[in-house]
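A short worksheet on the structure shown next.
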Amino acid sequence: MDHLAHHYHAHIAELNRRVAEIVSREALSGLVIHSGQPHRMFLDDINYPFKANPHFKAWLPVLDNPNCWLVVNGRDKPQLIFYHPVDFWHKVSDVPEMFWTEHFEIKLLTKADKVAELLPSDITNWAYLGEHLDVAEVLGFTSRNPDSVMSYLHFHRTTKTEYELECMRRANQIAVQGHLAAKNAFYNGASEFEIQQQYLSAVGQGENEVPYGNIIALNQNAAILHYTALEHQNPARRLSFLIDAGASYFGYASDITRTYAFEKNRFDELITAMNKAQLELIDMMRPGVRYPDLHLATHGKVAQMLLDFELATGDAQGLVDQGITSAFFPHGLGHMLGLQVHDVGGFAFDERGTHIPAPEAHPFLRCTRILAPNQVLTMEPGLYIIDTLLNELKQDSRDQQINWRTVDELRPFGGIRIEDNVIVHQDRNENMTRELGLA
C-alpha cells in the first residue's frame, strides 16, 4: 500500500491541476462533486445497488457510501463531506482512516438533507457534477454538469496517472485469478451458474462489486454478445466456454475475455488463430496510431480467418468491403478502460469535446482516438455465428460466398472473443492481462 500511497500524492496533484485550469477558464469558483444517492425500487423499501459517481471515484476510493460530496477548486485542500448518519437499521460506513485521508479536509454529514450547512455559503458560482440534478437545483446550483467542464474532464481522464495504472494492474491481477478458477470449473463440468460462483469466490467480490455483469456462456450462448443469463443446468454436450468478466480495485475496472474449447477440434484451432491475431494487433498499438485503423486491421484478420477455415470464399479485402466480416465480427475492437468499463473520452478529439464519430460502416466502435501514452484500452477481436446477422447475407449475392456447411458445423460453439487490457507507453505496450498470468 505504501507504493500506492506514493503514487496517490501525485494523482491528487494532477486532479487539482486539472480543476484549477478548467475553473479558471470557465470563471467558476470550483466544483462540487456528488457521490450520488440511493435509488428506491418501485413500490418497495429496498434500494438498487449503489454505484458512485465516477467523477467522485476519481478522487478517492469511497465506493459504497451515498450522500457524500467533494468540494474542490484546485487551490485549496479538497473538502470531503462524508455521510455518517446515526442509523440502527443499516451498516454505517466507517469514518475513513486510509492513506488518502491526509489529502482531504473531512467533514461528517449526519443527515443527508442538511448538506447545505457544509457546502460553500455562496454556491451560485460553483458547478455541480453528479446525477441528481433535482437536488442540485434545490441547493441553488445554477451550473449543473456544464458541457465545457465535463468535456474537459472526460478528455483528460483517458490519460491515466501512475496511481490509476497501478490500481488497474491490481484489478487485472484479481480478475486473472477468477479466470483461472472459471477455466478449471468449466473443464470439471460446472454449469454456467456454478462457474459464476467459483469466479466470484476466487476474486473475492460479489455480483454488485465486480465492474459489470459477468458473461458466462457455454456453447451457443457464446453467440449472444451480452449474455448475462446463467443457466443452472448443464447442456447435454459440453462444447465451448466464453467468459467475459472483470474485477474492481479502488473503483478501477478490469475487463477480460477468454474462450475455450472442451475438446481439440476445428473450433479450438479457430481460437488459436484468433489468439495469434489478437496479439499481433496489440503489437501494432503505439502512440500516434488511430484506434479505428486497428479496428479495420482486425476486419482484415477476421477475413483471412474466414478464408483459412473455409467459412467464406473470395478475397480478404472483398469480404471486408461487402460487410461479410461485420456479420461475423459485429462489435468494435475495444474501448477505453478506467473508472468505468466503457470509460469516457473515447470519441473526444480535444478537451472541448469535439466528437470523432465512428466510421459509418462500423457504428459500434467505441473508440476513435489517436493513441497516446498512459491510455488504457481493451483489445477484444471476435468471431461469432449469429444467425440474425448471417441471415442478412442470405438475402443477396453474398449468400454464395458463405460456406453454410462450415457455419452449421461451428454454430453449436457460439463464438470466440479474446480480450486483454493494455497500457500504451511511449516506447512499448504493457499487456497487463498476459503479464499477470493469463495466457
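From the backbone N, Cα and C atoms, a Cβ is placed for every residue, glycine too.
What Swiss-Prot says about this protein:
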type	residues	note
BINDING	D244, D255, E419	Mn(2+) 2 binding site
BINDING	D255, H335, E380, E419	Mn(2+) 1 binding site
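Positions of Swiss-Prot features highlighted on the structure.
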residue: D244; record: Mn(2+) 2 binding site; Cβ contacts under 8 Å, 6 or more apart: N214, I215, D255, I256, T257, R417, E419
residue: H335; record: Mn(2+) 1 binding site; Cβ contacts under 8 Å, 6 or more apart: V341, H342, D343, G346, R366, C367, L377, T378
residue: E380; record: Mn(2+) 1 binding site; Cβ contacts under 8 Å, 6 or more apart: T257, Q278, H331, L333, G334, R417, I418, E419, D420
Cβ-centroid neighbourhood (8 Å) of the Mn(2+) 2 site, D244, D255, E419 excluded: I215, A245, G246, I256, T257, T378, E380, R417
Among D255, E419 [binding-site residues], residue with fewest other Cβ within 10 Å: E419
For the Mn(2+) 1 site built from D255, H335, E380, E419, further residues of that chain with CB within 8 A of the site's CB center: D244, I256, T257, G334, L337, L377, T378, M379, D420, N421
DSSP-derived structure type at D244 (Mn(2+) 2 binding site), helix or strand or else coil: strand
Assigned element (helix, strand, coil) containing E419 (Mn(2+) 2 binding site), judged by DSSP: strand
